[in-house]
Amino acid sequence: MADITRMGVVGAGQMGAGIAQLAAVNGVDVWLYDLDSEALTKAHKSISNNIQRLLTKGQISQATSVDAVKRLRCSSRLEDLHSVDIVVEAIVESEQVKKSLFANLDKIVKSSAILASNTSSISITRLASATCRPSQVIGMHFMNPPPIMKLVEIIRGADTSEDTYCATKCLAERFGKTVICSQDYSGFIVNRILMPMINEAFHTLYTGVATKEDIDTGMKLGTNHPMGPLELADFIGLDVCLSIMKVLQAGLGDDKYAPCPLLVQYVDAGKLGKKRGVGVYDYRDGAAKIGGSPRL
């Protein structure tokens, strides 16, 4: 497969914008798609500011910064992705929504294009079943935030070809990432381990074993984690954590993955974490800061 020179990113949220930034800074023409024009405007501004910050810090040259901005295009028309070599979707963590998107993309993009999902837990094989190109469907799971985190988790579906895997791995390495490869089992590698730990932290809080501050401090200082599990859950999004736990429970058929009732309650109450201003901790008016000393 030829080198990837054109990339589509679907979803202009934090993940999608971060992936689009990586592509543009590393010399790939990128089309960032979202139906929400306000989300696209916000993403474009964020990416431009981040590129300027990289320039100010001396991490990229003036020529690279100018070139990166020129390579970024925003669109609310999915058809504008027709000529790309790869599409990475970074939309809501819902199998049905992702399948619907892949079915539509399958009809729009060129026959040689790769369809990649940034899913953190959903079966790549099942997503591929919505297309006529299962050998060109793959998981490309970036960590949050994509420009900073060094890891990309690549997931091969049952029919993912060696060419598709190699092209995707080369792209991730071009972005400066370390690649790990997972077989297509629920949760893959990172979330198969991480999410049960976060869920157990919620159980520890739910049953009154300790305060949220002591749970997070214990894991930060006792196991050298940079962020406690409850603080990390707020950063990821409690709704995302809940969705992944449900996928683990259904996919692996074990009740040990059942979401903690307290996690469910937070999500039901709309307390989704930092993105909503309140989760386990309260972030409104700067009440708590990631990496600081969180408090209510």
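Every residue, even glycine, has its Cβ placed from backbone N, Cα and C.
Taking the domain '3-hydroxyacyl-CoA dehydrogenase NAD binding' (7-184) as a whole, pLDDT averages 97 in the prediction. Taken from TrEMBL, the feature domain '3-hydroxyacyl-CoA dehydrogenase NAD binding' applies to 7-184.
Counting every protein chain shown, the number of other Cβ atoms lying within 10 Å of the Cβ of ASN144 (NAD(+) binding site) is 15. Here TrEMBL flags GLY11, ALA12, GLY13, GLN14, MET15, GLY16, ASP34, GLU93, LYS98, SER120, ASN144, LYS275 as NAD(+) binding site.
In sequence order, ASN118, THR119, SER120, VAL152, GLU153, ILE154, ILE155, PHE188, VAL190 constitute the residues six or more apart from HIS141 (site 'Important for catalytic activity') in its chain with CB-CB distances below 8 Å. Feature annotation from TrEMBL assigns site 'Important for catalytic activity' to HIS141.
Annotation comment: TrEMBL describes 187-283 as domain '3-hydroxyacyl-CoA dehydrogenase C-terminal'. Broken down with DSSP, the domain '3-hydroxyacyl-CoA dehydrogenase C-terminal' (187-283) shows 66 helix, 3 strand, 28 coil.
Here the binding-site residues are GLY11, GLY13, and the one whose Cβ sees the fewest other Cβ atoms within 10 Å is GLY13.
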